[in-house]
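Participant: The structure's right below; bear with me while I get my questions together.
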Amino acid sequence: MFCIQCEQTIRTPAGNGCSYSQGMCGKLAATSDLQDLLIYMLQGVSVYAVKARELGIIDAEIDSFVPKAFFSTLTNVNFDDERIMAYAQQAAKYRTQLKASYEAACEQAGIVAEQVPQVAQLVLGTSKIEMLAQAPIALLNKDKHNVHEDIMGLRLLCLYGLKGAAAYMEHARVLGQTDADVAGSFHEIMSFLGEPSVDGDKLFTTAMDIGQLNYRIMAMLDAGETQAFGHPEPTVVNTKSVKGKAILVSGHDMKDLELILEQTVGKGINVFTHGEMLPALAYPAFKKYPHLVGNYGSAWQNQQQEFANFPGAVVMTSNCIIDPNVGSYSDRIFTRSIVGWPGVVHIEGDDFSAVIDKALALEGFIYDEIPHTITIGFARNALMAAAPAVVENVKSGAIKHFFLVGGCDGDKADRSYFTELAKSTPKDSLILTLGCGKYKFNKLEFGDINGIPRLLDVGQCNDAYSAIQLAIALAEVFECDINELPLSLVLSWFEQKAIVVLLTLLSLGVKNIRTGPTPPAFLTANLAKILEEKFGLRNTTTVEADLKTMLNVA
């Protein structure tokens, strides 16, 4: 086992990364090894997908499968060995299918089929024992003694960034958004990473390419969500419990939420969002369901307590899931799509009757809590609509600075930095937030500036796209570069989606971003220095010191 993809990975003087019997996330060594083998098989599929494309062969089904299966290897997504093995076996079948199509096309064209690298040649074992025996060939740091640590760090930056992009591709696909060119670029990068490079410049360029690719993917996801559900609008949301039977929907998949709402109409069941599903409450399409009553709980790391206290059924539509046995709710939590936990019921297809039956059998909330509301829904359209008023307030001096504070949440004590930062921002500044990092301060009162709320909840982590659009619009109005705006970006990271959002911002030339609370363990000191010199990227320090720098206070 070797896994170093998330913030909570083991860090010791002897080396970084989870490499024992179990990772800090709860992932067993066997699961980690099977995930590495799955990635290896997917890279082999991409090798043939690239070659097939050169001869005009495009398989949309395979284009969708590869990022979806890759998504299953993200932090806190799938801990079920059987499901991971099934993905690997399907990858082997697709690779064989593409190989046959490619070789037939070569024969028809009268050309010789090209040799493929080792990553596209492995004959996958048929049992778990055989697959685990093959896993060392796919170990991410298998050549660590022969490769400089900076090269290893760049490889992992690319791999983990592409994982984040794969997740957004799958979210977009669920909403009907696919693009053959995007899929082609994805396969090219997967294929490249399947042949471990020692070219630092090429790896760095690839990291930026992943950022650019993800920008296109975020635009696709934005289109998918707004075409399906309308543009989010400022919305007041209750965050307390409501009497009645209950279902809690966590993750990121709004299509699943829509299906659950449709299937619970007239059933006497209240539906709550959780975590990154909170932004769904701002979409017009969901407002026609009166039994979508609010948001319950906070960010992913608190789920073992929050789900244990929730008196209904829980559905995990995507990341992040953690051990449901700790809170003794494994018999009433359900997984969807790429999510998996051993022993937890997995919902195939679009029939949520098992979830509904479980909710009806449980007690539900026995009384209404006194409501506590927050305002959400300041995504792209709402931000652009407010842009003229924002511009006028900037020109008048009422608004002097913008902060984007968001990203992933986590359970480290030093994440209180983001709470204190938000509370310490000047009263003449606006705070944009997104991702589950918002839960560090989204229930606090920040007031407004001439009717414009100081705290603007942009949405999910992928809605960084909305914030980027606002920054571009403001830069155009003020005839300046984005980096010349009075804008400070402070991103909390935990896993691979945050990594690819960061790569997206860097690829767009955005500078002076702060990340925290700790730097990724796979980034060496040399790489961190290069990123600081090239982009001004730096780690958070103290709220007082960082604010002085961001506000140019002597």
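In case you wondered, yes, glycine gets a Cβ from its N, Cα and C as well.
Just lifted these from Swiss-Prot, have a look:
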- Cys3, Cys6, Cys18, Cys25: [2Fe-2S] cluster binding site (BINDING)
- His252, Glu276, Cys320, Cys408, Cys436, Cys461, Glu495, Lys497: hybrid [4Fe-2O-2S] cluster binding site (BINDING)
- Cys408: cysteine persulfide (MOD_RES)
Participant: Give the number of CB atoms, excluding that of His252 (hybrid [4Fe-2O-2S] cluster binding site) itself, located within 10 Å of its CB.
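Facilitator: His252 (hybrid [4Fe-2O-2S] cluster binding site): 27 neighbouring Cβ atoms within 10 Å.
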Participant: Given the binding-site residues Cys3, Cys6, Cys18, Cys25, state which is nearest to Glu495 (hybrid [4Fe-2O-2S] cluster binding site) when distance is taken between Cα atoms.
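Facilitator: It is Cys6, whose Cα lies nearest.
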Participant: Which residues, sitting 6 or more apart from Cys320 (hybrid [4Fe-2O-2S] cluster binding site) on the same chain, put a CB under 8 Å from its CB?
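Facilitator: Listed in sequence order, they are Thr75, Asn76, Val77, Gly275, Trp300, Gln301, Gln303, Glu495.
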Participant: Taking only the binding-site residues Cys3, Cys6, Cys18, which one has a CA atom nearest to the CA atom of Lys497 (hybrid [4Fe-2O-2S] cluster binding site)?
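Facilitator: Looking at Cα distances from Lys497 (hybrid [4Fe-2O-2S] cluster binding site), the smallest one goes to Cys6.
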Participant: Using a 10 Å cut-off between Cα atoms, which of these binding-site residues sit near Cys18 ([2Fe-2S] cluster binding site): His252, Glu276, Cys408, Cys461?
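Facilitator: Near Cys18 ([2Fe-2S] cluster binding site) by Cα: none of them.
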Participant: Using Cα coordinates, what distance in whole Å links Cys25 ([2Fe-2S] cluster binding site) and Cys408 (hybrid [4Fe-2O-2S] cluster binding site)?
Facilitator: 15
Participant: Excluding near sequence neighbours, so keeping only residues 6 or more apart in the same chain, what lies with its CB under 8 A of Glu276 (hybrid [4Fe-2O-2S] cluster binding site)?
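Facilitator: Listed in sequence order: Ser250, Gly251, His252, Trp300, Gly435, Cys436, Gln460, Cys461.
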Participant: Please report the three-state DSSP label of Glu495 (hybrid [4Fe-2O-2S] cluster binding site).
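Facilitator: DSSP call for Glu495 (hybrid [4Fe-2O-2S] cluster binding site): coil, neither helix nor strand.
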Participant: Just to verify a number: CA distance, Cys3 ([2Fe-2S] cluster binding site) to Cys408 (hybrid [4Fe-2O-2S] cluster binding site), in angstrom, no decimals.
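Facilitator: About 19 Å separates the two Cα atoms.
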